[in-house]
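Have a look at the structure below, then the notes.
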Amino acid sequence: MRPRKDGRSKSWFDGTYHRPSVVPRPDGKRELREKDCWDKLAYSWPTWKKWMYLSSIASIQISMNFNTSVFPSAVNPIAEHFGISTQAARVGQMIYLVFYSFGCELWAPWSEEFGRWPILQLSLFFINIWQIPNSVAPNFGTIVVCRALGGLSTAGGSVTLGLIADLYDPEEQHWALCFIVLSSTIGTSIGGVIGGPIERFLTWRWNFWIQLIFGVAVQAVHFFMPESRSTILIDREAKRRREAGEDPNIYGPNELKSPRISLKEAGKIWLRPFEMFVREPIVLFLSLLSGFSDALIFTFLEAFAITFPDNFGFGTLATAWAFIPINASYFFTYFLYWPIFRRDEHLKKKNGPDSLSPERRLRPLLILAVFEPIGLFGFAWSCMGPPQTHWIAPMIFSFLVGLANFAIYYSSVDYMIAAYGPYSASATGGNAFARDFLAGIAAMYATPLYTNLSEKRPSEYATTVLACLSCLVVFPIYIFYWKGPQIRKASKFASILAEDRKIEGVRRLSKADNLP
(Lines of atoms letter the chains of each structure in order from A and count residues from 1; the text may use other names and numbers.)
(Lines give C-alpha, C1' and ligand atoms only; values in the text may rest on other atoms or scores of the structure.)
Protein backbone atom coordinates (compact mmCIF):
# COMPACT_ATOMS: atom_id res chain seq x y z
CA MET A 1 0.00 0.00 0.00
CA ARG A 2 1.36 3.43 -0.94
CA PRO A 3 0.51 6.33 1.46
CA ARG A 4 -0.74 9.71 0.33
CA LYS A 5 -0.71 13.13 1.93
CA ASP A 6 -4.47 13.10 2.62
CA GLY A 7 -4.25 9.91 4.69
CA ARG A 8 -5.45 7.61 1.93
CA SER A 9 -3.44 4.74 0.56
CA LYS A 10 -3.28 3.27 -2.88
CA SER A 11 -3.55 -0.44 -3.41
CA TRP A 12 -0.91 -1.95 -5.72
CA PHE A 13 -3.48 -4.58 -6.68
CA ASP A 14 -6.53 -2.62 -7.83
CA GLY A 15 -5.16 0.92 -8.19
CA THR A 16 -7.98 2.40 -6.07
CA TYR A 17 -7.64 4.67 -3.08
CA HIS A 18 -8.95 3.71 0.35
CA ARG A 19 -9.14 5.74 3.53
CA PRO A 20 -7.99 4.09 6.75
CA SER A 21 -10.87 2.76 8.86
CA VAL A 22 -10.38 5.55 11.37
CA VAL A 23 -8.83 8.90 10.50
CA PRO A 24 -6.10 10.15 12.88
CA ARG A 25 -6.07 13.76 14.12
CA PRO A 26 -3.41 15.87 15.84
CA ASP A 27 -5.33 15.69 19.14
CA GLY A 28 -5.38 11.88 19.08
CA LYS A 29 -9.10 11.63 18.37
CA ARG A 30 -10.19 9.34 15.57
CA GLU A 31 -13.31 9.55 13.45
CA LEU A 32 -15.54 6.48 13.28
CA ARG A 33 -16.56 5.60 9.75
CA GLU A 34 -19.48 3.73 8.22
CA LYS A 35 -17.60 0.52 7.49
CA ASP A 36 -16.43 0.30 11.13
CA CYS A 37 -19.99 0.21 12.48
CA TRP A 38 -22.04 -0.90 9.50
CA ASP A 39 -24.13 -3.22 11.66
CA LYS A 40 -25.29 -0.21 13.74
CA LEU A 41 -26.59 1.76 10.76
CA ALA A 42 -30.06 1.69 9.24
CA TYR A 43 -28.69 -0.19 6.22
CA SER A 44 -28.37 -3.24 8.50
CA TRP A 45 -31.86 -3.11 9.96
CA PRO A 46 -33.92 -6.28 9.37
CA THR A 47 -36.48 -6.07 6.60
CA TRP A 48 -39.46 -5.94 9.01
CA LYS A 49 -37.99 -2.94 10.82
CA LYS A 50 -37.27 -1.07 7.59
CA TRP A 51 -40.82 -1.55 6.34
CA MET A 52 -42.36 -0.64 9.69
CA TYR A 53 -40.36 2.58 9.51
CA LEU A 54 -41.28 3.17 5.86
CA SER A 55 -44.98 2.65 6.63
CA SER A 56 -44.88 5.43 9.22
CA ILE A 57 -43.06 7.69 6.73
CA ALA A 58 -45.64 6.86 4.06
CA SER A 59 -48.46 7.89 6.41
CA ILE A 60 -46.68 11.22 7.00
CA GLN A 61 -46.33 11.77 3.26
CA ILE A 62 -50.01 11.01 2.69
CA SER A 63 -50.99 13.41 5.48
CA MET A 64 -48.81 16.26 4.19
CA ASN A 65 -50.06 15.92 0.62
CA PHE A 66 -53.65 15.44 1.79
CA ASN A 67 -53.42 18.94 3.29
CA THR A 68 -52.67 20.32 -0.17
CA SER A 69 -55.39 18.45 -2.03
CA VAL A 70 -58.42 18.57 0.29
CA PHE A 71 -58.65 22.37 0.48
CA PRO A 72 -60.36 22.84 -2.94
CA SER A 73 -63.49 21.20 -1.52
CA ALA A 74 -63.70 24.08 0.98
CA VAL A 75 -63.37 26.84 -1.63
CA ASN A 76 -67.09 27.29 -2.33
CA PRO A 77 -68.21 27.09 1.34
CA ILE A 78 -65.46 29.52 2.43
CA ALA A 79 -66.34 31.94 -0.37
CA GLU A 80 -70.00 31.85 0.66
CA HIS A 81 -69.26 32.15 4.39
CA PHE A 82 -66.94 35.17 4.11
CA GLY A 83 -68.65 36.81 1.17
CA ILE A 84 -65.69 36.63 -1.22
CA SER A 85 -65.31 35.31 -4.75
CA THR A 86 -64.32 31.69 -5.33
CA GLN A 87 -61.20 32.90 -7.13
CA ALA A 88 -60.19 34.84 -4.01
CA ALA A 89 -60.88 31.77 -1.86
CA ARG A 90 -58.43 29.78 -4.00
CA VAL A 91 -55.64 31.96 -2.63
CA GLY A 92 -55.71 29.60 0.37
CA GLN A 93 -54.75 26.73 -1.95
CA MET A 94 -52.18 28.71 -3.89
CA ILE A 95 -50.34 30.18 -0.93
CA TYR A 96 -50.11 26.83 0.86
CA LEU A 97 -48.47 25.15 -2.13
CA VAL A 98 -46.09 28.04 -2.85
CA PHE A 99 -44.93 28.21 0.76
CA TYR A 100 -44.83 24.39 0.85
CA SER A 101 -42.25 24.56 -1.97
CA PHE A 102 -40.02 26.81 0.13
CA GLY A 103 -40.65 24.69 3.24
CA CYS A 104 -39.30 21.59 1.48
CA GLU A 105 -36.11 23.46 0.61
CA LEU A 106 -35.62 24.96 4.06
CA TRP A 107 -36.27 21.83 6.15
CA ALA A 108 -34.43 19.28 3.98
CA PRO A 109 -30.76 20.12 4.71
CA TRP A 110 -31.33 20.23 8.47
CA SER A 111 -32.52 16.63 8.39
CA GLU A 112 -29.12 15.78 6.91
CA GLU A 113 -27.33 17.55 9.78
CA PHE A 114 -29.50 16.80 12.85
CA GLY A 115 -31.35 13.66 11.81
CA ARG A 116 -34.70 12.77 10.27
CA TRP A 117 -36.64 12.16 13.50
CA PRO A 118 -36.39 15.61 15.15
CA ILE A 119 -36.95 17.47 11.88
CA LEU A 120 -40.07 15.49 10.96
CA GLN A 121 -41.45 15.76 14.50
CA LEU A 122 -40.88 19.52 14.55
CA SER A 123 -42.38 19.94 11.09
CA LEU A 124 -45.49 17.91 11.98
CA PHE A 125 -45.90 19.82 15.25
CA PHE A 126 -45.99 23.19 13.47
CA ILE A 127 -48.26 21.88 10.71
CA ASN A 128 -50.77 20.70 13.31
CA ILE A 129 -50.54 23.92 15.34
CA TRP A 130 -51.46 26.06 12.32
CA GLN A 131 -54.53 23.91 11.60
CA ILE A 132 -56.19 25.17 14.80
CA PRO A 133 -56.51 28.88 13.86
CA ASN A 134 -57.61 27.74 10.38
CA SER A 135 -60.43 25.75 11.96
CA VAL A 136 -61.72 28.67 14.07
CA ALA A 137 -60.80 31.50 11.68
CA PRO A 138 -62.99 34.62 12.17
CA ASN A 139 -62.03 35.98 8.74
CA PHE A 140 -60.46 34.84 5.50
CA GLY A 141 -57.22 36.72 6.19
CA THR A 142 -56.55 34.37 9.11
CA ILE A 143 -56.89 31.38 6.77
CA VAL A 144 -54.46 32.88 4.25
CA VAL A 145 -51.81 33.63 6.88
CA CYS A 146 -52.13 30.26 8.65
CA ARG A 147 -52.16 28.33 5.38
CA ALA A 148 -48.94 30.11 4.41
CA LEU A 149 -47.33 29.25 7.75
CA GLY A 150 -48.58 25.67 7.49
CA GLY A 151 -47.01 25.31 4.05
CA LEU A 152 -43.72 26.80 5.25
CA SER A 153 -43.75 24.33 8.17
CA THR A 154 -44.03 21.33 5.86
CA ALA A 155 -40.86 19.30 5.31
CA GLY A 156 -42.64 17.31 2.62
CA GLY A 157 -41.18 14.80 0.23
CA SER A 158 -37.67 16.25 0.38
CA VAL A 159 -37.13 14.58 3.77
CA THR A 160 -39.38 11.54 3.36
CA LEU A 161 -37.83 10.69 -0.01
CA GLY A 162 -34.31 11.61 1.07
CA LEU A 163 -34.30 9.17 3.98
CA ILE A 164 -34.48 6.27 1.50
CA ALA A 165 -30.72 6.81 1.19
CA ASP A 166 -30.45 6.05 4.93
CA LEU A 167 -31.84 2.54 4.48
CA TYR A 168 -30.71 1.24 1.11
CA ASP A 169 -27.82 1.44 -1.29
CA PRO A 170 -28.57 2.69 -4.84
CA GLU A 171 -29.05 -0.84 -6.20
CA GLU A 172 -31.69 -1.76 -3.58
CA GLN A 173 -33.64 1.46 -3.10
CA HIS A 174 -36.27 0.97 -5.81
CA TRP A 175 -38.81 -1.08 -3.83
CA ALA A 176 -38.92 1.34 -0.91
CA LEU A 177 -38.74 4.47 -3.05
CA CYS A 178 -41.62 3.32 -5.24
CA PHE A 179 -43.68 2.73 -2.07
CA ILE A 180 -42.99 6.25 -0.76
CA VAL A 181 -43.77 7.77 -4.17
CA LEU A 182 -47.07 5.86 -4.11
CA SER A 183 -47.92 7.41 -0.73
CA SER A 184 -47.04 10.87 -2.06
CA THR A 185 -49.22 10.59 -5.16
CA ILE A 186 -52.09 9.00 -3.23
CA GLY A 187 -51.96 11.84 -0.71
CA THR A 188 -52.32 14.32 -3.56
CA SER A 189 -55.32 12.57 -5.10
CA ILE A 190 -57.36 11.30 -2.13
CA GLY A 191 -58.12 14.89 -1.15
CA GLY A 192 -60.62 15.07 -3.99
CA VAL A 193 -62.29 11.79 -2.99
CA ILE A 194 -62.55 12.65 0.72
CA GLY A 195 -63.18 16.35 0.20
CA GLY A 196 -66.48 15.72 -1.58
CA PRO A 197 -68.23 14.07 1.40
CA ILE A 198 -66.76 16.74 3.72
CA GLU A 199 -68.25 19.47 1.56
CA ARG A 200 -71.57 17.61 1.22
CA PHE A 201 -72.20 16.65 4.86
CA LEU A 202 -69.99 18.89 7.06
CA THR A 203 -69.15 22.57 7.43
CA TRP A 204 -65.97 24.01 5.89
CA ARG A 205 -64.33 24.14 9.32
CA TRP A 206 -64.24 20.34 9.37
CA ASN A 207 -61.96 20.50 6.34
CA PHE A 208 -59.25 21.74 8.73
CA TRP A 209 -60.26 19.67 11.76
CA ILE A 210 -59.89 16.48 9.71
CA GLN A 211 -56.46 17.63 8.51
CA LEU A 212 -55.52 18.18 12.18
CA ILE A 213 -56.81 14.76 13.30
CA PHE A 214 -54.91 13.06 10.49
CA GLY A 215 -51.73 15.03 11.27
CA VAL A 216 -51.80 14.29 15.00
CA ALA A 217 -52.33 10.59 14.33
CA VAL A 218 -49.34 10.25 11.99
CA GLN A 219 -47.13 12.33 14.30
CA ALA A 220 -48.02 10.05 17.21
CA VAL A 221 -47.06 6.97 15.17
CA HIS A 222 -43.79 8.52 14.02
CA PHE A 223 -42.90 9.52 17.59
CA PHE A 224 -42.09 5.87 18.34
CA MET A 225 -39.95 5.38 15.21
CA PRO A 226 -36.12 5.24 15.38
CA GLU A 227 -33.61 7.65 13.86
CA SER A 228 -32.20 6.56 10.49
CA ARG A 229 -29.64 9.21 9.52
CA SER A 230 -26.22 7.52 9.37
CA THR A 231 -24.14 10.37 10.79
CA ILE A 232 -26.38 10.53 13.88
CA LEU A 233 -26.17 6.76 14.40
CA ILE A 234 -22.38 6.86 14.01
CA ASP A 235 -22.23 9.58 16.69
CA ARG A 236 -24.30 7.41 19.02
CA GLU A 237 -22.13 4.35 18.42
CA ALA A 238 -18.91 6.33 19.02
CA LYS A 239 -20.31 7.68 22.29
CA ARG A 240 -21.34 4.15 23.35
CA ARG A 241 -17.84 2.82 22.66
CA ARG A 242 -16.23 5.61 24.71
CA GLU A 243 -18.60 5.11 27.65
CA ALA A 244 -18.09 1.34 27.53
CA GLY A 245 -14.32 1.82 27.55
CA GLU A 246 -13.90 0.04 24.22
CA ASP A 247 -12.10 3.00 22.63
CA PRO A 248 -11.76 6.29 24.54
CA ASN A 249 -10.46 8.18 21.47
CA ILE A 250 -13.20 7.31 18.97
CA TYR A 251 -15.68 10.02 17.95
CA GLY A 252 -18.51 10.45 15.48
CA PRO A 253 -18.35 12.89 12.55
CA ASN A 254 -20.55 15.51 14.22
CA GLU A 255 -18.75 15.22 17.56
CA LEU A 256 -15.52 16.36 15.94
CA LYS A 257 -17.08 19.59 14.70
CA SER A 258 -16.31 22.64 16.78
CA PRO A 259 -18.61 24.48 16.89
CA ARG A 260 -21.31 21.97 15.95
CA ILE A 261 -22.85 24.45 13.49
CA SER A 262 -21.30 27.88 12.94
CA LEU A 263 -23.34 30.79 11.64
CA LYS A 264 -21.51 30.61 8.31
CA GLU A 265 -22.11 26.87 8.03
CA ALA A 266 -25.78 27.31 8.93
CA GLY A 267 -26.11 29.67 6.00
CA LYS A 268 -24.43 27.17 3.70
CA ILE A 269 -26.67 24.36 4.93
CA TRP A 270 -29.79 26.40 4.36
CA LEU A 271 -28.67 27.45 0.89
CA ARG A 272 -27.58 23.93 -0.15
CA PRO A 273 -30.90 22.86 -1.75
CA PHE A 274 -31.21 26.14 -3.67
CA GLU A 275 -27.57 25.91 -4.81
CA MET A 276 -28.07 22.34 -5.98
CA PHE A 277 -31.25 23.35 -7.77
CA VAL A 278 -29.45 26.10 -9.69
CA ARG A 279 -25.98 24.59 -10.22
CA GLU A 280 -26.60 20.85 -10.58
CA PRO A 281 -27.93 19.95 -14.06
CA ILE A 282 -29.46 16.69 -12.80
CA VAL A 283 -31.44 18.47 -10.06
CA LEU A 284 -32.42 21.42 -12.24
CA PHE A 285 -33.60 19.56 -15.32
CA LEU A 286 -35.34 16.67 -13.58
CA SER A 287 -36.99 19.02 -11.07
CA LEU A 288 -38.36 21.22 -13.84
CA LEU A 289 -39.51 18.15 -15.74
CA SER A 290 -41.30 16.75 -12.69
CA GLY A 291 -42.56 20.21 -11.68
CA PHE A 292 -44.15 21.01 -15.01
CA SER A 293 -45.76 17.56 -15.09
CA ASP A 294 -47.19 18.10 -11.60
CA ALA A 295 -48.49 21.56 -12.54
CA LEU A 296 -50.25 20.04 -15.53
CA ILE A 297 -51.80 17.41 -13.28
CA PHE A 298 -52.98 19.97 -10.71
CA THR A 299 -54.48 22.09 -13.49
CA PHE A 300 -56.11 19.00 -14.92
CA LEU A 301 -57.54 17.93 -11.53
CA GLU A 302 -58.95 21.41 -10.94
CA ALA A 303 -60.93 20.84 -14.12
CA PHE A 304 -62.84 17.92 -12.60
CA ALA A 305 -64.99 20.28 -10.51
CA ILE A 306 -65.94 22.08 -13.72
CA THR A 307 -66.06 19.40 -16.39
CA PHE A 308 -68.07 16.68 -14.66
CA PRO A 309 -70.78 18.90 -13.12
CA ASP A 310 -71.19 21.06 -16.25
CA ASN A 311 -70.87 18.39 -18.95
CA PHE A 312 -72.18 15.28 -17.20
CA GLY A 313 -74.44 16.71 -14.49
CA PHE A 314 -72.45 15.21 -11.61
CA GLY A 315 -73.25 16.28 -8.06
CA THR A 316 -70.77 16.94 -5.26
CA LEU A 317 -70.27 13.28 -4.32
CA ALA A 318 -70.15 11.99 -7.90
CA THR A 319 -67.51 14.61 -8.77
CA ALA A 320 -65.45 13.48 -5.78
CA TRP A 321 -65.69 9.87 -6.89
CA ALA A 322 -64.47 10.87 -10.37
CA PHE A 323 -61.01 11.04 -8.78
CA ILE A 324 -61.05 7.29 -8.06
CA PRO A 325 -59.52 6.34 -11.47
CA ILE A 326 -56.55 8.62 -10.70
CA ASN A 327 -55.98 6.80 -7.41
CA ALA A 328 -56.40 3.44 -9.13
CA SER A 329 -53.80 4.40 -11.75
CA TYR A 330 -51.22 5.12 -9.03
CA PHE A 331 -51.67 1.66 -7.51
CA PHE A 332 -51.63 0.07 -10.96
CA THR A 333 -48.35 1.80 -11.90
CA TYR A 334 -46.82 0.90 -8.54
CA PHE A 335 -47.39 -2.79 -9.21
CA LEU A 336 -46.44 -2.35 -12.88
CA TYR A 337 -42.89 -1.52 -11.76
CA TRP A 338 -42.49 -4.78 -9.83
CA PRO A 339 -41.59 -7.01 -12.82
CA ILE A 340 -39.22 -4.26 -14.02
CA PHE A 341 -37.46 -4.31 -10.65
CA ARG A 342 -37.18 -8.11 -10.68
CA ARG A 343 -35.74 -8.12 -14.20
CA ASP A 344 -33.10 -5.52 -13.28
CA GLU A 345 -32.20 -7.42 -10.11
CA HIS A 346 -31.70 -10.56 -12.18
CA LEU A 347 -29.40 -8.69 -14.59
CA LYS A 348 -27.37 -7.21 -11.72
CA LYS A 349 -26.90 -10.63 -10.11
CA LYS A 350 -25.83 -12.04 -13.45
CA ASN A 351 -23.53 -9.22 -14.60
CA GLY A 352 -22.59 -7.38 -11.40
CA PRO A 353 -24.06 -4.34 -9.57
CA ASP A 354 -22.32 -1.84 -11.86
CA SER A 355 -23.47 -3.47 -15.08
CA LEU A 356 -26.56 -1.26 -15.40
CA SER A 357 -26.07 2.46 -15.99
CA PRO A 358 -28.05 5.02 -13.93
CA GLU A 359 -29.94 5.88 -17.12
CA ARG A 360 -31.47 2.40 -16.90
CA ARG A 361 -33.72 3.89 -14.20
CA LEU A 362 -35.31 6.11 -16.86
CA ARG A 363 -35.94 3.34 -19.37
CA PRO A 364 -39.56 2.48 -18.34
CA LEU A 365 -40.32 6.19 -18.56
CA LEU A 366 -39.58 6.20 -22.29
CA ILE A 367 -42.88 4.36 -22.78
CA LEU A 368 -44.95 5.35 -19.74
CA ALA A 369 -44.43 9.12 -20.12
CA VAL A 370 -46.14 9.05 -23.52
CA PHE A 371 -49.44 8.27 -21.78
CA GLU A 372 -49.54 11.80 -20.35
CA PRO A 373 -50.23 13.56 -23.69
CA ILE A 374 -52.31 10.58 -24.85
CA GLY A 375 -54.45 10.76 -21.72
CA LEU A 376 -54.87 14.53 -21.91
CA PHE A 377 -55.78 14.54 -25.61
CA GLY A 378 -58.19 11.67 -25.00
CA PHE A 379 -59.80 13.41 -22.03
CA ALA A 380 -60.10 16.64 -24.00
CA TRP A 381 -62.22 15.09 -26.74
CA SER A 382 -64.23 12.65 -24.67
CA CYS A 383 -65.43 15.07 -21.96
CA MET A 384 -68.14 16.91 -23.90
CA GLY A 385 -70.87 14.83 -22.24
CA PRO A 386 -73.99 13.08 -23.53
CA PRO A 387 -75.13 12.33 -26.11
CA GLN A 388 -71.63 12.45 -27.68
CA THR A 389 -69.71 10.64 -24.92
CA HIS A 390 -70.26 8.60 -21.77
CA TRP A 391 -68.65 9.65 -18.47
CA ILE A 392 -66.51 6.49 -18.36
CA ALA A 393 -64.45 7.68 -21.36
CA PRO A 394 -62.79 10.71 -19.69
CA MET A 395 -62.22 8.64 -16.56
CA ILE A 396 -60.30 6.04 -18.58
CA PHE A 397 -58.10 8.75 -20.05
CA SER A 398 -57.57 10.32 -16.61
CA PHE A 399 -56.29 6.88 -15.55
CA LEU A 400 -53.61 7.13 -18.26
CA VAL A 401 -52.63 10.63 -17.10
CA GLY A 402 -52.18 9.37 -13.53
CA LEU A 403 -50.08 6.44 -14.76
CA ALA A 404 -47.67 8.81 -16.55
CA ASN A 405 -47.50 11.25 -13.64
CA PHE A 406 -46.50 8.49 -11.22
CA ALA A 407 -43.79 7.25 -13.59
CA ILE A 408 -42.31 10.74 -14.13
CA TYR A 409 -42.26 11.44 -10.40
CA TYR A 410 -40.77 8.09 -9.46
CA SER A 411 -38.08 7.99 -12.14
CA SER A 412 -36.89 11.55 -11.48
CA VAL A 413 -36.45 11.07 -7.71
CA ASP A 414 -34.99 7.57 -8.19
CA TYR A 415 -32.31 9.02 -10.45
CA MET A 416 -31.54 11.87 -8.03
CA ILE A 417 -31.40 9.75 -4.85
CA ALA A 418 -29.03 7.32 -6.55
CA ALA A 419 -26.81 10.22 -7.66
CA TYR A 420 -26.79 12.27 -4.44
CA GLY A 421 -27.06 9.64 -1.68
CA PRO A 422 -26.58 11.32 1.73
CA TYR A 423 -27.56 14.70 0.29
CA SER A 424 -30.59 13.41 -1.58
CA ALA A 425 -32.96 15.31 0.74
CA SER A 426 -31.42 18.55 -0.55
CA ALA A 427 -31.54 17.25 -4.13
CA THR A 428 -35.17 16.11 -3.93
CA GLY A 429 -35.92 19.40 -2.21
CA GLY A 430 -35.39 21.01 -5.60
CA ASN A 431 -37.83 18.53 -7.10
CA ALA A 432 -40.41 19.31 -4.42
CA PHE A 433 -39.79 23.04 -4.84
CA ALA A 434 -40.53 22.92 -8.56
CA ARG A 435 -43.54 20.62 -8.19
CA ASP A 436 -45.26 22.54 -5.42
CA PHE A 437 -44.40 26.05 -6.60
CA LEU A 438 -45.72 25.42 -10.10
CA ALA A 439 -48.74 23.54 -8.73
CA GLY A 440 -49.49 26.50 -6.46
CA ILE A 441 -49.52 28.87 -9.41
CA ALA A 442 -51.78 26.40 -11.24
CA ALA A 443 -54.39 26.77 -8.47
CA MET A 444 -54.98 30.36 -9.60
CA TYR A 445 -55.09 29.96 -13.39
CA ALA A 446 -56.76 26.54 -13.69
CA THR A 447 -60.37 27.64 -13.23
CA PRO A 448 -60.10 30.74 -15.46
CA LEU A 449 -58.47 28.55 -18.10
CA TYR A 450 -61.36 26.08 -17.99
CA THR A 451 -64.10 28.72 -17.97
CA ASN A 452 -62.83 31.51 -20.23
CA LEU A 453 -60.90 29.87 -23.06
CA SER A 454 -64.00 29.07 -25.08
CA GLU A 455 -67.73 29.71 -24.73
CA LYS A 456 -68.86 26.48 -26.39
CA ARG A 457 -66.12 23.96 -25.52
CA PRO A 458 -64.07 25.33 -22.60
CA SER A 459 -63.05 21.94 -21.14
CA GLU A 460 -62.12 20.51 -24.53
CA TYR A 461 -59.90 23.40 -25.60
CA ALA A 462 -58.32 23.93 -22.16
CA THR A 463 -57.33 20.26 -21.84
CA THR A 464 -56.00 20.31 -25.41
CA VAL A 465 -53.70 23.17 -24.43
CA LEU A 466 -52.43 21.08 -21.50
CA ALA A 467 -51.95 18.10 -23.81
CA CYS A 468 -49.78 20.17 -26.18
CA LEU A 469 -47.71 21.45 -23.25
CA SER A 470 -47.27 17.89 -21.98
CA CYS A 471 -45.56 16.96 -25.25
CA LEU A 472 -42.90 19.57 -24.47
CA VAL A 473 -42.60 18.22 -20.91
CA VAL A 474 -42.12 14.63 -22.05
CA PHE A 475 -39.50 15.40 -24.72
CA PRO A 476 -36.53 16.08 -22.33
CA ILE A 477 -36.88 12.56 -20.88
CA TYR A 478 -35.40 11.13 -24.07
CA ILE A 479 -32.54 13.65 -23.99
CA PHE A 480 -31.75 12.59 -20.42
CA TYR A 481 -31.81 8.94 -21.37
CA TRP A 482 -29.41 9.30 -24.31
CA LYS A 483 -27.19 12.09 -22.91
CA GLY A 484 -27.26 11.05 -19.25
CA PRO A 485 -23.53 10.27 -18.87
CA GLN A 486 -22.55 13.72 -20.15
CA ILE A 487 -25.10 15.40 -17.88
CA ARG A 488 -23.89 13.46 -14.84
CA LYS A 489 -20.31 14.37 -15.66
CA ALA A 490 -21.30 18.04 -15.63
CA SER A 491 -22.87 17.63 -12.17
CA LYS A 492 -19.89 18.29 -9.90
CA PHE A 493 -21.70 17.38 -6.69
CA ALA A 494 -22.73 13.97 -8.02
CA SER A 495 -19.25 13.33 -9.45
CA ILE A 496 -17.57 14.05 -6.10
CA LEU A 497 -19.95 11.73 -4.24
CA ALA A 498 -19.30 8.97 -6.75
CA GLU A 499 -15.55 9.43 -6.28
CA ASP A 500 -15.86 9.28 -2.49
CA ARG A 501 -17.95 6.11 -2.67
CA LYS A 502 -15.12 4.42 -4.58
CA ILE A 503 -12.52 5.72 -2.12
CA GLU A 504 -14.46 4.44 0.89
CA GLY A 505 -15.24 1.16 -0.83
CA VAL A 506 -18.96 1.38 0.02
CA ARG A 507 -22.13 1.62 -2.06
CA ARG A 508 -23.54 4.53 -0.05
CA LEU A 509 -21.91 7.28 2.03
CA SER A 510 -23.27 9.08 5.09
CA LYS A 511 -21.37 12.25 4.16
CA ALA A 512 -18.69 13.51 1.78
CA ASP A 513 -15.44 15.12 2.91
CA ASN A 514 -14.38 17.04 -0.19
CA LEU A 515 -17.47 18.92 -1.31
CA PRO A 516 -16.77 22.36 -2.82
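Just so you know, glycine gets a Cβ as well, placed from its N, Cα and C.
What TrEMBL annotates here:
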- 53-488: domain 'Major facilitator superfamily (MFS) profile' (DOMAIN)
- 175-194: transmembrane segment (TRANSMEM)
- 282-308: transmembrane segment (TRANSMEM)
- 320-341: transmembrane segment (TRANSMEM)
- 362-379: transmembrane segment (TRANSMEM)
- 391-411: transmembrane segment (TRANSMEM)
- 432-450: transmembrane segment (TRANSMEM)
- 462-482: transmembrane segment (TRANSMEM)
Any contact, the transmembrane segment (320-341) to the transmembrane segment (432-450), with at least 3 Cβ pairs under 8 A: no
Stretch of maximal Cβ-Cβ contact with the transmembrane segment (362-379) [cut-off: under 8 Å; candidates 175-194, 282-308, 462-482]: 462-482
Reported mean pLDDT - the domain 'Major facilitator superfamily (MFS) profile' (53-488): 85
